[in-house]
Amino acid sequence: MLDSACKGTCMLFSCTIPAAWLLPDKHCTALNELLLFMTLGCGCVGQAVLSRGAHGGPMTISVGFAMAVTTAVYVSGGVSGGHINPAVSLAMCVAGRLKWTKLPIYILAQFLGAFVGAAAVFGIYHDAFMEYSNGTLEVTGPYATAHIFATYPAPYLSLINGFADQVMSTAVLLLVIFAIFDTRNNRVPKGLEPVVVGLLIIVLTCSLGMNSGCAMNPARDLGPRLFTAIAGWGMEVFTAGNNWWWVPIVAPMLGGVLGALTYIIFIEVHHSDNQQGEENDVYDKYELTNM
């Protein structure tokens, strides 16, 4: 039944594309995860910005995005493994938790899901967008709304500092994710992993979000950014912030690998031998929620 629903969703967004061109079921589910994640996450930002703070603020955005992650993983994590971040998928490939042949399709599904999720938010709040800025869609200035969809640096932030910011925050994200799913460490009770990941997102956004919004997810940033470029904000979404757009794509990928390798080298390989039998079949399953 779940497979049929997944295929139906693919058909909905692919119109008359031949069935042979559709994403495999697990990758279609990854697309649906990002669609749900971005609709709820960007919706939190949109509600706060477009209401001029009357219906949200930094804390509701932080908690809302975190719960969007938790919800997306719960909805389809059992099928796709909870892949909503290319940086996580790449780190899992480097660590041997995911087959390299799956990586390109997962990333494609993640970007497509983020793009469609951004479009959904724009459609839902279209009238509010028009009222907020008198019918114009601006990237910078007092009536800017592009930051509802993608991250932009604070005025004081340099590209080098911003790059380091994204490497650090994503490295911490992956280090803790590997700890959460490590069966030989103090593992979170099965079924509660998405909740703890959500709490981790809250901590990261509360502590490392001031510089540029703590993207930590290339799909979450580039997919919506592409949508805004097409939907009316124009190519300024790529030139704003001293051509900031590439930083939340490259830096999280590097940071994710760095965080995963840090955990493996300094923690995982030092587990005692008598814990060896407790390890699950991660290298056979290749999925995040079974890590």
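All positions are counted from 1 along the displayed chain.
Every residue, even glycine, has its Cβ placed from backbone N, Cα and C.
Listed features, source TrEMBL:
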| type | residues | note |
| --- | --- | --- |
| TRANSMEM | 105-125 | transmembrane segment |
| TRANSMEM | 159-180 | transmembrane segment |
| TRANSMEM | 192-210 | transmembrane segment |
| TRANSMEM | 244-266 | transmembrane segment |
The transmembrane segment (192-210): which same-chain residues, six or more beyond its ends, come within Cβ distance under 8 Å?
58, 61-63, 65-67, 69-70, 73-74, 77, 82, 154, 165, 168-169, 172-173, 176-177, 180-181, 216, 289
Beyond the flanks of the transmembrane segment (105-125) by at least 6 residues, Cβ under 8 Å:
13, 23-24, 27-28, 30-39, 41-43, 46-47, 50, 83-86, 89, 98, 148-149, 219-220, 222-224, 226-228, 231
